[in-house]
Amino acid sequence: ALGAAAAARAGRLADRGLGEATTGTALALLALSWLPLAFAGTSIALLVVGIVLLDIGGQAVHVVNQSMILGARPDAHARLVGCYMLFYSAGSGLGAIASTMTYAHAGWIGVCALGAAVSVVAFAVWAVTLRRA
């Protein structure tokens with residue numbers, strides 16, 4: 001429920017022209033979410049906190065991405081959504097393969113390190129490509 005509420009709020013912020021800032025905040029939440037998840041084996045509360053942060057960040061990034069893409073070319077709505085979801089699915093598949101292989105070699109901590117690394121790289125790409133006003 002929190003992820004859905006965050007997605008709705010992120011969509012409203014993107015509609016008001018705050019998509020880039022919302023993306024940065026959401027990517028930071030994604031990166032942060034892996035810390036409590038790494039220690040989830042010792043605390044159910046840390047597991048819940050990590051999952052909630054991961055859900056909020058992931059939902060917000062997804063909704064803002066779609067909003068910004070569609071705002072760029074409203075006339076190409078179907079093609080843009082199709083391409084976005086194609087790459088979203090491909091990335092999800094590659095992430096599943098990478099996390100499975102990582103778990104086999106480094107366990108849960110390795111998976112959390114991989115998730116954090118991917119999130120930090122995404123945040124860095126966002127920061128480097130951020131349009132300065």
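Just so it is clear, glycine is given a Cβ too, placed from its N, Cα and C backbone atoms.
All annotation found in TrEMBL is predicted automatically rather than curated by experts.
As annotated by TrEMBL, domain 'Major facilitator superfamily (MFS) profile' applies to 1-133.
Per TrEMBL, the feature transmembrane segment maps to 34-57 (among others).
For 78-99 (among others), the entry in TrEMBL reads transmembrane segment. Within the same chain, residues 62, 65-66, 69-70, 72, 111, 114-115, 118 sit at least 6 positions outside the transmembrane segment (78-99) and bring their C-beta atoms closer than 8 Å to a C-beta of that stretch.
Feature annotation from TrEMBL assigns transmembrane segment to 105-128 (among others). Among residues of the same chain six or more beyond the transmembrane segment (105-128), those with a C-beta under 8 A of the stretch's C-beta atoms are 20, 23-24, 27-28, 30-31, 33-35, 37-38, 40-41, 57, 95, 98-99.
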Key: Intrachain neighbours beyond the transmembrane segment (34-57), with Cβ under 8 angstroms and 6 or more residues off its ends   = 2-3, 6, 26-28, 108-109, 112-113, 115-116, 119
The domain 'Major facilitator superfamily (MFS) profile' (1-133), counted residue by residue under DSSP: helix, strand, coil = 122 helix, 0 strand, 11 coil
